[in-house]
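Annotated features in TrEMBL:
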{"type": "DOMAIN", "residues": "29-418", "note": "domain 'Major facilitator superfamily (MFS) profile'"}
{"type": "TRANSMEM", "residues": "30-56", "note": "transmembrane segment"}
{"type": "TRANSMEM", "residues": "62-87", "note": "transmembrane segment"}
{"type": "TRANSMEM", "residues": "94-116", "note": "transmembrane segment"}
{"type": "TRANSMEM", "residues": "122-146", "note": "transmembrane segment"}
{"type": "TRANSMEM", "residues": "158-181", "note": "transmembrane segment"}
{"type": "TRANSMEM", "residues": "187-208", "note": "transmembrane segment"}
{"type": "TRANSMEM", "residues": "242-265", "note": "transmembrane segment"}
{"type": "TRANSMEM", "residues": "271-292", "note": "transmembrane segment"}
{"type": "TRANSMEM", "residues": "304-324", "note": "transmembrane segment"}
{"type": "TRANSMEM", "residues": "330-353", "note": "transmembrane segment"}
{"type": "TRANSMEM", "residues": "365-390", "note": "transmembrane segment"}
{"type": "TRANSMEM", "residues": "396-413", "note": "transmembrane segment"}
Amino acid sequence: MTEMTEELAAENAAPAGPAGLPPVLMHRGFLLLMLGSFAAFLGEQLTTVALPWLVLKLSNDSLALGTVVAVMALPKILFLVIAGVLVDRHSPRTVLICASAGGVVLLAGVGVMLMYDLLALWMMYLFACGMGLAGAFAIPARVAILPRLIDPRQLQPANAILMGITQVSLLGGPLLAGLLAASTDGLGLVFLLNACCFLLATVTVPRLQPHAQPASDRHVPLLSSIVPAAKWLWSDGVLRTLIGYWAVVTLLLAGPVQVGLPLWVDRQLGGGASAFGILIAANGLGQLIGIVCSGLRARKVVHLGVAVCLIDGLAGLAVFGMGFTHVLEVGLALMLAVGVGAGYVQVGLFTWIQRRIPTELHGRVLSILMLVLITIAPLSALVAGYLILYVTPSQLFMYSGLLLSLFATLMLLHPKLRKLRN
C-alpha cells in the first residue's frame, strides 16, 4: 500500500509550469480526468440531439418525448443518493468505471439496432432507464474524483478548465449529431460514436490515493449513513436556500427547453436536426464565453448570489423573446445570450459548493443536491409535454420565460442569497 501511494504521488505530482500555465495542467491524473470528461461530455451532447429526434421519428408524439426524458431520470431519483454513499465508502474511480462501461453496452446496442432497423419505441424506454441508472452512479463519482485528485487550492482553475472543455464538447457534439441525424443510419452512427466516447471515458479514469475512512462508518447501514449528510445540508441556511432557488428555476426552464425546443425548431422554424444542433451549439459557445469571462474583476464587485439572480432574470427574458421569433438567427443570438450568463456564474457556484462541503460528506451531499434538481427536471419535462398539447411552443417559451424573470427578480430581495459571496 505504501509503495502504491508513493507511486501515485510521483505520478500525479504537479510541478510549476511555464508562466501563465496553471500548475493543474502539469498534473497527470488531472489530464487523464480532463480527457475522459471531454469524451463523456461529447457523448452526452451527441445523445442530447439524437435522442429527442429519434423518439420523434419513432412516434411523432411530444408526450412520448417527455415520458422518455422522465424515464431516464427515474433511476437517478431512486439511486443517486445510494450511489453517493458508495462513492464516499469506496473508490469513486471504481464506481465511475463500472457506470461508464454500462453506458458503452447500452449505446452500442441502440446504435446497432438502429442500423438494422430493429428499434421500437418501447425499447427507448428501456434504454432511457438503463442510461439513467448508469448516470446515477457516474454523476457523484465524477464530481467526487476532483477534490480527491488535486489540492483544494487548485479547485477553481481545475473547475474552470473542466467546464471549459464541457462547453467545447457542447459546440462540437450537437453540430456533429445534427449533421449525422438527418437519416436513420446517421442516427445509428451517432449512438455508436457515443459508445466510443464512453469507452474512452472508461479507460482514462485516473488512479486515486487510498481514501481513509473511519472503521465505524463501514458498519453503518447504507441508508442510515445518508442521515449525517442530510442534517449537515439542512443546517446550512445559505446552501439550503440556493437549492430551493435552483429547484424553481429548473422547474420553469428545463421542460420548456427539453421538450419545447425541438418542437419549436420543427413546427415554428420548419428546420430539422441540423438546425436543432446549431441552436444547442450556440448555447455551448455562449457558456464557453461566459466561463472565460468569469475571471473578470467585475465578478468580485457583484456578489455571487446577486449575479445568479440577475443572470437568471435576463435568461428568462431571452426565453420569452424566443416565443416571438420565427427566424433561426434570432434564436441563435438568444441561445448564445442565455449560455453566456450560465457560463459566467457556474464556475464560481460549483467551486463555492465544493469548498463548503466537508470532504468526508462530498459524495452524499452532492448526491442530495443533484437529486433535488434531477427530480424537478423530469417533472418539468412531463408538465411541458402535457402543456404542449394545448399551447404552441412559442407560448410555452413566453410563459416560462416571463415567470422565470419575475421569480429571479423577487429572489434578489432574499437575504440568504445576498449572503452568497464569491
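Each residue's number is its place along the chain shown, starting with 1.
In case you wondered, yes, glycine gets a Cβ from its N, Cα and C as well.
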Counting only CB pairs under 8 A, let me know which of 62-87, 122-146, 242-265, 396-413 has the most with the transmembrane segment (94-116). 122-146
Same-chain residues near the transmembrane segment (122-146), Cβ under 8 Å, at least 6 residues beyond its ends: 33, 37, 40, 47, 51, 54-55, 58, 67-69, 71-76, 78-80, 83-84, 86-88, 92-93, 95-96, 98-100, 102-103, 106-107, 109-110, 113, 155, 158-159, 162, 205-206, 208, 354, 362-363, 366-367, 370
Tertiary contacts of the transmembrane segment (304-324) (same chain, 6+ residues out, Cβ under 8 Å): 242, 245, 249, 252-253, 256-257, 264, 330-331, 334-335, 337-338, 341-342, 344-345, 348-349, 352, 393-398, 400-409, 411-412, 416-422
Give the nonlocal contacts of the transmembrane segment (158-181) in its own chain as ranges (CB under 8 Å, at least six residues past its ends). 22, 24-25, 30, 33-34, 37-38, 41-50, 53-54, 146, 150, 187, 189-190, 193, 272-281, 283-285, 287-288, 291-292, 294-295, 339, 343, 346-347, 350-351, 354
Integer average pLDDT (0 to 100) for the domain 'Major facilitator superfamily (MFS) profile' (29-418): 82
